[in-house]
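This report concerns only the one structure given below.
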Amino acid sequence: MPTPSMEDHIEQIYLLIANKGYARVSDIAEALSVLPSSVTKMVQKLDKDGYLVYEKYRGLTLTPKGEKLGKRLVQRHELLEQFLRMIGVDEERIYNDVEGIEHHLSWNSIDRIADLVQVMEENPDIVKKLEASKTQHNL
């Protein structure tokens, strides 16, 4: 079971590879606002645990296990952002809120939130009622 820090690294590596075609230690460190030496230690651990293959000075690649988890972590993050947007959380708070909660929810809870988002998309009146409620509470 990966730790929250492991998840953050895998998620960033997945995003970097998806966007740039590669992920370097320096890019990961910059994206996570940590020291490159910390990333190197984590990458070595992720290599040992089978999430990626790391060769010093040659870069890294996700294994199928790492790619599958990376994709799921990105989807979780996007789902939580979508959910918070739907329930009317202020845009400038969404990213930090997602970062604060994403590692503390079980995959079962994430799946239920996905179901709820789908219900809300299929029933726009629910979202309108939430918007009206937010307006009423912000008086």
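Glycine residues also receive a Cβ, built from the backbone N, Cα and C atoms like all the rest.
Keep in mind that this is a model prediction, so the values were computed, not measured.
Under the heading domain 'HTH dtxR-type', Swiss-Prot lists 1-63, citing sequence analysis as support.
Here Swiss-Prot flags D8, E99, E102, H103 as Mn(2+) 1 binding site. Around H103 (Mn(2+) 1 binding site), the same-chain residues six or more apart in sequence whose CB sits under 8 Å from its CB are P4, E7, listed in sequence order.
The Cβ neighbour count for E11 (Mn(2+) 2 binding site), using a 10 Å radius and every protein chain shown, is 21. The feature Mn(2+) 2 binding site is assigned by Swiss-Prot to E11, H77, E99, E102.
Sequence-distant neighbours of E102 (Mn(2+) 1 binding site) (same chain, six or more apart, CB under 8 Å from its CB) are R76, H77, L80, listed in sequence order. Taking each of the binding-site residues D8, H77, E99 in turn and counting other Cβ atoms within 10 Å of its Cβ gives the largest count for D8.
Rounded to a whole number, the distance between the Cα atoms of E99 (Mn(2+) 1 binding site) and E11 (Mn(2+) 2 binding site) is 12 Å.
Within the domain 'HTH dtxR-type' (1-63), the DSSP-based counts of helix, strand and coil residues read 38 helix, 8 strand, 17 coil.
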